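Chemist: Per TrEMBL, the features are:
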- CYS166-CYS182: disulfide bond (DISULFID)
- 31-53: transmembrane segment (TRANSMEM)
- 74-96: transmembrane segment (TRANSMEM)
- 102-127: transmembrane segment (TRANSMEM)
Amino acid sequence: MEKSCASLQPEAKHSVVTPPHYSLTDYFLKYFLFLCNMLFTVMGLVVLGLGMWGLISKESFAQEKIGSIGTDPMLILGTVGFLLTMLCLSGCVGALRENCCLLRLFSAVMLVLITAQVLAAIMAYSLQNEIGGYLRSGMLAAMARYQDDLDLRFITDEIQTNLQCCGADTYRDWEINIYYNCSAPGVLACGVPATCCVDPLENGTVWNSQCGVRAQLLDEFTAQSVIFLGGCLGGISRWIEQHENLIGTLYLFCGIQVLYSEREE
């Protein structure tokens with residue numbers, strides 16, 4: 001018995017753990033997902049930076065404003081940027097270092113997000129008429145408070161500029177604003193914001209904030225050379241239709257990340 005045990009000792013002493021074998025596909029997936037997560041990490045940092053810049057530029061941390069900071073859209077933007085950065089950074093480091101804890105965390109959060117987004121998409125499809133009504137009401141409310149709320153002005157301007165639209169359904173929706181209403185006493189009466197203009201720079205380099213003055217008084221044929229006629233609700237619908245493939249690709253990419261994380265575990 002002793003002899004047999006002694007004869008086994010050298011084998012145990014020289015035994016080594018064979019490292020796992022990785023194929024070319026495994027290496028490709030590993031570094032591809034690492035680079036993609038790194039890209040989304042940078043995007044998260046940009047969003048976080050924009051949120052913090054908005055809070056600092058509006059002096060939201062001042063003593064007289066700190067009480068209402070919880071409802072500040074810039075705080076939401078910063079929070080989303082921070083969470084996106086941390087999530088993608090965990091996936092990035094987890095994929096590179098093959099860390100099971102980070103991969104499990106990343107996989108769990110991604111599963112929750114994908115499930116929530118699928119449920120939200122199902123609800124949005126089944127309640128599309130009601131959601132359209134909510135969007136219209138929300139945009140009209142933002143337009144009504146356009147001059148009084150810097151956050152709503154920024155969001156409205158971004159939508160109108162990027163989608164090349166004006167108003168909710170038509171440019172004449174701006175009559176809901178007390179400053180752009182035709183009965184208003186100021187110079188903005190019967191006008192629209194400069195972000196509705198087709199060429200707000202007027203082929204120059206200086207922003208012309210008065211390019212939309214009296215635009216509501218123009219007929220559509222004349223107005224189309226000055227401002228965008230289409231409403232932003234239609235622009236949002238067209239944007240979603242045009243980017244259906246991109247949205248589907250993002251879902252597929254998220255699914256691949258989850259499967260890779262589960263495999264690495």
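For all residues, glycine too, the Cβ spot is worked out from N, Cα and C.
These figures come from a predicted structure and were not determined experimentally.
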Chemist: Would you identify which of the disulfide-bonded residues CYS166, CYS182 has the most other C-beta atoms lying within 10 angstroms of its C-beta?
Modeler: CYS166
Chemist: Are there residues at least 6 beyond the ends of the transmembrane segment (74-96) whose Cβ is under 8 Å from a Cβ of it, and what are they?
Modeler: 30, 33-34, 37-38, 40-41, 43-52, 54-55, 58, 60, 102-103, 105-106, 109-110, 151, 257, 260-261, 264
